[in-house]
Amino acid sequence: MIARILDGRTCAEKVKARVKENIRLLQEKGLPSPGLAVILVGNDPASATYVAHKERACQAVGIRSTVYRMPNTITESELASKIDECNRDSNTHGILLQLPLPAHIDPANLLERIRPDKDVDGFHPYNLGRLVQRRPALRPCTPYGVMTLLTETHENLEGKHAVIVGASNIVGRPMALELLLAKCTVTVCHRFTRDLAEHVKSAELLIVAIGKPGIIQSEWIKPGAIVIDVGFSRLSPNKIAGDIDFETAKERASWITPVPGGVGPMTVATLLENTLQAAQTFL
């Protein structure tokens, strides 16, 4: 068995085309384009690259993006003031606080300070609570991007055993909520999980989000499973790896995402979708 490839780039282009068309329709009605404020703290090269990619994606679909670049020495209270300013700005429909932040700043306090209706990353307790209550509003970008990508398989997910490896607030936990909404039976594995291999072997849908290349051995993968690799590690300037060895895993899976070109483009596309959704609540 050779897996079919879940191409995140192709799926993301479909999402972006829909967003672009909806923005065009807004403009035809004389309404302003959605506005996104991105707050970037410090000089982390990876964060700067991600933000530049988001800027280009916004420009391509017609979203106005403004990047506020803050020094690494900024205090938590100063950063909170910038968020408050964006909250008040009627031309800003979405706010994104680029993570990670410097060690002296608590991200939880600042993410909670963003207005829930401008929280296009979907991390505010209000938006996560809506997801828990099965009444989603703005949804976390990577998990919802994965759900959109899964529609490309045309597989019925109801009743499937989904195993998530990784329990972060950004991916693992909201991913479990999304899969419960899709009527999957969900197992979440984390650093204290015993017999990880046995859990993985039972997965009809496997989603791995750890950031450790090779943490999942290909022989653990159930033949015919759908495999989503959210992991992203830069091994060298020209080499990027996921959490699973793609070449061997594709011989067991029915569908598999590549790294890069799988989940990453969907995260950005979902951010654009969320920004449009946030703008539509104001316009």
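The chain as shown is numbered from 1 upward.
Placed from the backbone N, Cα and C atoms, the Cβ positions cover glycine too.
What Swiss-Prot records for this protein:
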BINDING   Gly166, Ala167, Ser168  NADP(+) binding site
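Around Ala167 (NADP(+) binding site), taking its Cβ as the centre, 18 other Cβ atoms fall within 10 Å, counting all chains. Non-local contacts of Gly166 (NADP(+) binding site) by the CB criterion (under 8 A, 6+ apart in sequence, same chain) comprise Gly172, Cys189, His190, Ile207, Val208, Ala209, Ile210, Val230. Neighbour density for Ser168 (NADP(+) binding site): within 10 A of its CB lie 16 other CB atoms from the protein chains shown. Mapped onto three states, the DSSP output places Ala167 (NADP(+) binding site) in coil.
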